[in-house]
Amino acid sequence: MSEMATWWSVFGVGIGLMALGMVTPRVVAEFGGACVGLAFTWALAARTGGPKLLVSGLAAAVGLVAIASDLDALRTGASITTAVIASILGIVVTRPATNLFGALKETLLALVVPLIGGFAALAFAPRYESFAQYKWGVGGIAAVGLFWLVFRLGAGLHGLGRRGVVIVIGGAFALAMVLAYAEFLRTYGSHDVVNWMQVRTQWMRAHLGAYPRPMMALIGIPALMLGVHMRSRRGQGWWVSAYGVAATATLAATINNPDVGLRESGLELVYSLVVGVLIGVLLIRVDLVLSSVGRRSSGRRVADVDPEAAGVRTEPARTQPLL
């Protein structure tokens, strides 16, 4: 049996066991989650040029120990690990896109992976004192791992150009502002402001079923779209794609939120996707306009200046290592 056939078999068995786990003892779903986590770990190692057998064996061991021990700490750790791996894999499995449709397709793929990974993480039935700790654990570990991978890909800040530096710094600033604003409101916000936001949120949940997640709609999804589009011209687009972890990690973690049902989680994804895609399209248009202005001001054809800027840059196939 070929490597790909084996991978699809393990992945398919995992999905099947997770589905059966809805009407059978919990341990069935846990084994399904372990299989999906194993498949995703193998795929991530293959995509990043890592030791596939070693890391896959470790992933299998983590899952089996968590299931056999039935300890809350180990099951929660296995859940976080699965969500983190899915969050990173969703981004590194994408490829450059030369048009809006391609960018949308890659963005959807980047979200499908953590969506499945989130359910695999949920199969371990994690327990925690605060969902915020679980969410930030997934997001923090995934962000560190992904940015380290981007650095290894050689997409250093050198060669970004002024516009690229502005985009990367702007993304970091926007992410920091969202996090700081949320923490400020939670800790120091006045009763009136917090109450006003809660009323609006409750209204949207009552009338629309959910509300867009700011991390996904304002940062993660636009970064995914703009990043894959930029990568068709320059490798530094990986730095923009890396901010897509704000969407993938949020999605994988939110599925494990006991206060949010699956229907509401699905609607949150749809609403966030609509808002995020609109922002992403706008950013791509602005980037293309600025690129066009820069080419005209140089007085030369872009192909004579920078082959990557002509939209001819390629990356390894989806099943091939990036490194």
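Cβ coordinates are placed from backbone N, Cα and C, and glycine is handled just like the others.
Bear in mind that TrEMBL entries carry predicted annotations, made automatically and left uncurated.
Within the listed segments 37-56, 77-96, TrEMBL records transmembrane segment for the stretch 77-96. Note: the stretches the transmembrane segment (77-96) and the transmembrane segment (134-153) are in contact (3+ CB pairs below 8 A, sequence gap of 6 or more). Counting C-beta pairs under 8 angstroms (sequence separation of 6 or more), the transmembrane segment (204-226) reaches the transmembrane segment (269-290) with 3 or more such pairs. A Cβ distance under 8 Å defines the sequence-distant neighbours of the transmembrane segment (7-23), meaning residues of its chain 6+ beyond its ends; these are 1, 29-39, 42-43, 116, 119-120, 123.
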